Amino acid sequence: MNRYWFEPEAYGRLYNCSRFTSEEWHGFGIPDKVIGATYVSIGLMYEVLYFPCLYTMSGKRFLRLSCYKIMFYLGLIDVACIFINSIIDGFFAWHGNVFCDYPDLMYISGAISTGLWCSACMACMMLAMNRVCDLIKPEWMEVLFGGSRTYFWLLAPTAYGLYFIIFTPPLIFSSIYDGAFFDPFVGTPTTDKEIYTSWPHTINNMVVIAVLVTAYSCVCVVVLMKSRLLNSGTNASRNTMSGMQRTIVAQATMICMLILVAATVYVRMQFFETAGYMVVVGQITWQSSHGGAVFIYLFLNKTMRNEIRREFCCTKSHQISSTTNQKHRTHTTSNMSSNRDSHGEMMY
């Protein structure tokens with residue numbers, strides 16, 4: 001964005017659309033209504049499902065835990081990025097647009113989505129550190145993340161994302177391949193991939209792959225070790241630990257795989273010729289790396305699922321007598337208290 005705002009000569013040299021007429025530029029694009037509709041549908045699904053999750057996480061019951069503060073922050077990033085890489089990019093794919101059809105919109109939205117991706121990467125690494133710390137050295141949690149300290153930590157991914165928005169080349173969508181590239185003219189006769197390479201983005205992806213795989217592998221190992229140590233305890237202890245083990249292993253695996261695949265595909269796309277279907281897979285995986293958390297919240301986090309059901313789903317208990325309502329509320333309160341004790345920070 002610094003070139004767009006403050007270096008018009010450099011911007012004009014790198015993003016010059018005067019080589020062809022508007023009609024010629026548009027002729028390079030390849031409209032694909034199926035891909036466009038798929039991207040938009042995926043984006044709308046994620047956005048609709050994310051709303052109740054974010055609303056629920058914004059409550060004091062969840063935000064009192066540091067991991068949910070980070071996940072709420074990630075959720076805000078996800079919602080913003082999904083709007084760009086799914087809905088806006090789906091519009092471009094549907095109409096067969098290339099950079100020179102909407103240069104300002106594509107450049108600005110691309111810069112923002114690039115920054116949001118990198119901000120999410122750092123926040124995910126922070127969440128991994130939070131979970132490892134909680135399992136290995138719980139006494140450090142209050143020192144590092146207690147009170148409002150988590151919000152101070154979140155300034156780092158915010159500044160990191162702003163750096164990528166302002167000082168690095170943006171990922172720009174092209175309907176020729178139905179994916180995003182640093183080269184705005186990819187697939188046209190005037191492309192020079194080397195000029196548009198973004199090493200900060202490549203390094204970010206490599207680092208996040210290494211850190212997340214290492215951190216969540218440590219989480220899984222620690223959980224397995226603790227589970228075995230508790231095998232000689234009571235049945236309740238074994239069951240609780242077994243549930244925690246399954247939850248953390250499943251979530252760690254899915255989150256790592258989504259980010260791993262998206263980061264790997266996009267690193268490869270910048271340096272090697274990539275089959276068209278792999279570009280689409282990369283785009284959908286990028287979308288899923290932001291929206292996939294919704295299904296983790298809804299299917300693997302019983303506490304959040306119960307809270308969402310209580311907040312958004314009508315039950316017959318609302319229509320019966322006040323005496324029965326009181327009994328229902330008492331029963332629900334006891335269940336929620338039990339969930340709080342047994343799940344705690346089980347999301348990760």
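Keep in mind that glycine also has a Cβ here, set from the backbone N, Cα and C atoms.
In TrEMBL this protein carries:
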- 34-58: transmembrane segment (TRANSMEM)
- 70-94: transmembrane segment (TRANSMEM)
- 106-129: transmembrane segment (TRANSMEM)
- 150-173: transmembrane segment (TRANSMEM)
- 206-227: transmembrane segment (TRANSMEM)
- 248-269: transmembrane segment (TRANSMEM)
- 275-300: transmembrane segment (TRANSMEM)
- 323-348: region 'Disordered' (REGION)
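The highest tally of CB pairs under 8 A with the transmembrane segment (34-58), across 150-173, 206-227, 275-300, is held by 275-300. Cβ atoms under 8 Å from those of the transmembrane segment (275-300) belong to residues 35, 38-39, 42-43, 45-46, 49-50, 53, 71, 74-75, 77-78, 81-82, 85-86, 89, 117, 120, 177-180, 247, 250-251, 254-255, 258-259, 261-262, 265-266, 269, 308, 347 of the same chain, restricted to positions at least 6 beyond its ends. Remark: the transmembrane segment (150-173) makes no contact with the transmembrane segment (206-227), by the rule of 3 or more CB pairs under 8 A.
Only residues 6 or more beyond the boundaries of the transmembrane segment (106-129), in the same chain, are considered here, and those with a CB under 8 A from a CB of the stretch are 1, 4, 15, 67, 70-71, 73-74, 77-78, 80-81, 84-85, 88, 92, 97, 99, 153-154, 156-158, 160-166, 168, 170-173, 180, 184, 201, 204-205, 208, 211-212, 215-216, 219, 255, 259, 263, 286, 289-290, 348.
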